[in-house]
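**Q** Could you have a look at this structure, given as structure tokens, before my questions?
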Amino acid sequence: MAKNTYRNEAGNEARQMNAPRNVTKEPLGRNEFRKSNEPKSEKPKKERKPIAWPTFRFPQISFLKDRRFQLLAGFFFLLTSLYLTIAFVSFLFTGPADQSVVEALNQTAVKDAGLESENWLGLTGAYIANYFINEWVGIGAFFLIPLVFFWGYKIVFRRTFVSVSSVNTFCLFGMLWTSLLCGYLVLSSNTVADYGFFSGGIGYETALWMESIIGWGSILLLAFLLIVFVVFFFNITTLKATNPQTETAAKPRGNQIAADGETYEQLSTGFNHYTNPVANLEEEEEDEEFFEEDEELEEVAETFTVKKPGGNSANGHALELNVTPPVVVAPPVVTPPAPANNLSLQIETPHLELEEFEDEEEFIEEEPVELDVTPLPDDATGIAIENYDPTLDLARYQYPNLELLNDYGGNKIQVSKEELEANKDKIVETLANYSIGIASIKATIGPTVTLYEIVPDAGVRISKIKNLEDDIALSLAALGIRIIAPIPGKGTIGIEVPNKKKEMVAIKSILSTEKFLKSEMDLPIAFGKTITNEVFITDLAKMPHLLMAGATGQGKSVGLNTILTSLLYKKHPSQLKFVLVDPKKVELSLFNKIERHFLAKLPDSEEPIITDTKKVVNTLNSLCMEMDMRYDLLKDAGCRNLKEYNQKFIERRLNPKKGHRFMPFIVLVIDELADLMMTAGKEVETPIARLAQLARAIGIHLVVATQRPSVNVITGIIKANFPCRISFKVTSKIDSRTILDTGGADQLVGQGDMLFSVGSDLIRLQCAFVDTPEVDRICDFIGDQQGYSDAYLLPEFVGDDSGGGEKADFDPSNRDPLFEEAARTIVMHQQGSTSLLQRRLKLGYNRAGRLIDQLEAAGVVGPFEGSKAREVLIPDEYSLEQLLNSMEK
């Protein structure tokens, strides 16, 4: 078979009129049925001979098939509909004023007299509106606007939301019927002079003629015409109210069969609907005439035959699917949505037979080919469900653009060749003074320091060069000399010498690089540049936690802003949440504006950024609860980490009714750990240690910063679970060893110069700079967009009542003999401290401590608050006496 469609092309062989030939009929777009006394399967097959119908073909105009002409015609109709809308609406306000101008339009007196039209579209608009409204069909002319617009839309976009015949019929009927109705109303109210244009000439004259014949029965006739139109247009067959949901539930999905004279059409979505066969065939013919070339390769349809099953009941009939195989390559056949165990469609109309396709000149019959239909599993819905997209909650969210950041004119080499040569000569000279020969030396220029790689002569000990660090610094007259002996992975010794002019690394230059833009990391952080001027980007999700340290003013706060800015530029609010702890109360306050987008907080918290020590403890414990809940969900889902779990949820393999949900990453940022350790101590250390040990797999990551990296702040428990650490310039080697387990941080230059430690690797970086106004603009940009109704709520943590357990176990009979005197001293001075009791009562520390514990259990003083004095709960001595008397009873 050469083709799947039959066309009368110029290249066909000559033949006699009406002579049949062996070609394949064009595939049907629908399946048509008609009644028959016997099923088709029981009829003997006979060859259908064509009927000799006289044919006549109009000459084809080639430019009508040109797509460019079609687009021009379509846009002409669309603009015409807009033009008519303006003209008709303007006529309603300026029609009476333009009446004299329109009547004299063809006379030279109009131009000579200088008359102007009040219509918004000038004389042409006034004339057209007067012609359609005043002289023709009145306000019924407004139905012409959707008709013209519909044709323009159909030609341009090649698709319609309703059928062509429906629009034509509705608009033409509405135009005439509205004109007649307005004509009767104007005539009966005797307001022709004022409102005669509502009906137009046709409506008024027709209403006047009907009034003279049937009188007031005209309104009944109009009502009858409207009812007839509604019944036939909407195909109303019954006035009984039915519930469409009930009918749909009563029938299997995909088994709805059209009634007599209707067409059964199977849509690609798996649902069925009924259409009028005659109207649809006319529309197809019109579409084929106008868009013949474009639809030639798009039509692939199915044909159906009806057979009577032997195993069904007397009244039941089954419709078996048969498809005519096309020659052109088509997509795989999609299984129609049918019941799992029954491949036949039950129908109610008896004795249905496939109506043969009739061409103008010939009929062609083909043997139907059985379609193999695979039964659906019991749990299959027959409808493909799209993956869950968490970003659709904020579908209009826009990521911050790079225009919000400043360009500080970086990427310029600040080191001259003369400086490099001078430093090289001084290094060679200094080493030569100690009888150390150099085989070769190479310089690598970085934004802050220049790395000189030297290869010593054979037999020179590395430790000998390492001990000359101070001597080399003295000869170069530079601070921050650091010797790397040897460089990992290379057979050289590195000497880092600070540049005289530092290069500022703007965060804009880092975020605009292809390495960051195309990064597929879960939580990418653009830290800055290495000493080889390479952009350094790492994944926080793989660290999995980060510990930062540095002296005041060395770039620690800028480093935190760099981390937060990198994540804001890469992640959607549905994918990431921040828990910000700022004991300083001013460093992270700018991020208040993105509360409804990126921040998480406790349910009863008013401020999204935590500054109170008590709330910090509750927040950390709440994160531990969130961690435990997430691990329970991962256990139920059979996943090992958050990425696998979210992927399963996106693929809709987890049931939300069982508590499953899409879980974002949570990044906990603590700006000053030292202050928390001083005020809360163990209450803070325990949850931080738990999160650092366990929270990696469920997407909770910690970024902890401190300016005092001492052992009582960065304890062994905390330090052991932070394999990735960053150190800006610190004041002593001891601090450098505390944070990095090695020296070198005390030799940094400062102002963003830092060391990044990953296990045994130590990388020197220049941190990217982001200024406070830049962070403010980014937060304003995000905060001005639509966000969630509230911040991401963490589980509510209810702490134990202060001293509640001790108070319940407190026995007044076993109290210290100095209990009452100690209570009076505390209430009198309103200061609950152990040192006060030691001084006033001349006690030792241990006994004073026991007295404070008893006073706390009795409710005289509050709980321990670190270095601060305890709160005194009794306001005066009178209240204290009442409390003591009640205890004696």
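Glycine is treated like the rest: Cβ placed from N, Cα and C.
As annotated in TrEMBL:
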REGION    1-48  region 'Disordered'
COMPBIAS  23-45  compositional bias 'Basic and acidic residues'
TRANSMEM  71-93  transmembrane segment
TRANSMEM  136-157  transmembrane segment
TRANSMEM  169-187  transmembrane segment
TRANSMEM  213-234  transmembrane segment
DOMAIN    532-737  domain 'FtsK'
BINDING   G550, A551, T552, G553, Q554, G555, K556, S557  ATP binding site
**Q** Quick test of the contact rule: Cβ under 8 Å, at least six residues beyond the ends. What residues does that give for the transmembrane segment (136-157)?
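**A** That would be 70-71, 73-81, 84-85, 88, 164, 167-168, 170-172, 174-179, 182-183, 197-204, 290.
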**Q** Against which stretches of its own chain does the transmembrane segment (169-187) lie, if we need a Cβ under 8 Å and a gap of at least six residues from its ends?
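**A** For the transmembrane segment (169-187), the list is 136-141, 143-144, 146-147, 195-196, 198-200, 202-208, 210-211, 218-219, 222, 225-226, 229, 233.
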**Q** With an 8 Å cut-off on Cβ distance to the G550, A551, T552, G553, Q554, G555, K556, S557 Cβ center, who else from the chain surrounds the ATP site?
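**A** Nearby residues not in the site list: Q707, F728, K729, G750.
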**Q** Which residues of the same chain, at least 6 past either end of the transmembrane segment (213-234), have a Cβ under 8 Å from a Cβ in it?
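**A** Result: 166, 169-170, 173, 177, 180-181, 184, 207.
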**Q** So of G550, G553, G555, which of the binding-site residues has the fewest other Cβ atoms within 10 Å around its own Cβ?
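**A** Across G550, G553, G555, these binding-site residues, the one with fewest Cβ atoms within 10 Å is G553.
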**Q** Give the residue from the binding-site residues T552, Q554, S557 that has the most other Cβ atoms within 10 Å of its Cβ, counting over every protein chain displayed.
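**A** Answer by Cβ density within 10 Å: Q554.
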**Q** Within 10 angstroms of the C-beta of A551 (ATP binding site), what count of other C-beta atoms is obtained when all protein chains are considered?
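**A** By my count, 21.
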**Q** Across all chains shown, how many C-beta atoms besides its own are within 10 angstroms of the C-beta of K556 (ATP binding site)?
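**A** The answer is 25 other Cβ atoms.
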**Q** Reduce the DSSP letter at K556 (ATP binding site) to three states and note it down.
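**A** Where K556 (ATP binding site) sits, the three-state DSSP reduction gives helix.
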